[in-house]
Amino acid sequence: MTAPRLTLPSPAKLNLMLHILGRREDGYHELQTLFQFLDYGDEITFAVRDDGVIRLHTEFDGVPHDSNLIVRAAKKLQEQSACSLGIDIWIDKILPMGGGIGGGSSNAATTLLGLNHLWRLGWDEDRLAALGLTLGADVPVFVRGHAAFAEGVGEKLTPVEPAEPWYVVLVPQVSVSTAEIFSDPLLTRNTPPIKVRPVPEGNSRNDCLPVVSRRYPEVRNALNLLGNFTEAKLTGTGSCVFGGFPSKAEADKVSALLTETLTGFVAKGSNVSMLHRKLQSLL
């Protein structure tokens, strides 16, 4: 009998805005941010094993097998659910590492949701999101799969419905260290909190942008080039830069001009992640 298999998408996210309100006693930063998904991402294939072994068959340069967030997510879920089954995992990786579009966090969330389904654990979203938070602050939004206004370190989520434009996303060929940006002495850390709900339109500033563009000329260049066509923004701590367009045709036209010299892609913004749409279709 062939082992049960499942292939799931692992979508990218954008931070449509990112405000840093202050530094907490535990060293983390208090944030307010707006998450939206892209219909673009990695693809992860899972095959159940009956011997309890967890094996990721795709190698990542410079990332030991057991340190990979996918493997850590699988092991934590296996331990906390006391599941005796194992899993073989393959990933078709297109999202950049250190790009600010949530590649690792999204992979971890897809793993938690995929294994919950294949191992028939019956965990609810709250329980999976709580486990996800122990792996990273951005994992819960991918577990929940809905565009959200996030507070705290990014884990307190309120569902929102921003517009869903087409985006041009540019991928400067640098990996930005989040820790480096958050420890920069020039980082703005005192933005007043947004208290109005829903969050007013037009709050699109990313407090990390001045520091990132100062440290990384490649990011600055991408912002300047995309900024000739639309408001160019930084997602997360970068390196990826994005801008919205009303139609795919317009986004494609700008992308064609810019990707002669830069790496990038076009994707539709989505308030319900393509991972959750796929999981719904399995029910």
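Backbone N, Cα and C define each Cβ position, glycine as well.
LYS13 (active site): 28 other CB atoms within 10 A of its CB, across all protein chains. Residues or ranges marked as active site in Swiss-Prot: LYS13 (among others).
What Swiss-Prot lists as ATP binding site is PRO96, MET97, GLY98, GLY99, GLY100, ILE101, GLY102, GLY103, GLY104, SER105, SER106. Sequence-distant contacts (6 or more apart, same chain, Cβ under 8 Å) of GLY98 (ATP binding site) comprise VAL174, SER175, VAL176, SER177, THR178, SER239.
Here Swiss-Prot flags ASP138 (among others) as active site, drawing on sequence analysis. Packing around ASP138 (active site) is summarised by its Cβ count: 26 other Cβ atoms lie within 10 angstroms of its Cβ, all protein chains included.
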Residue, out of the binding-site residues GLY102, GLY104, whose Cβ gathers the largest set of other Cβ atoms within 10 Å: GLY102
ASP138 (active site) versus GLY102 (ATP binding site) - Cα distance in angstrom: 7
Inter-residue Cα distance where the pair is LYS13 (active site) and GLY100 (ATP binding site), in Å: 8
Those binding-site residues, out of PRO96, GLY104, SER106, that come within 10 angstroms of ASP138 (active site) at the Cα: GLY104, SER106
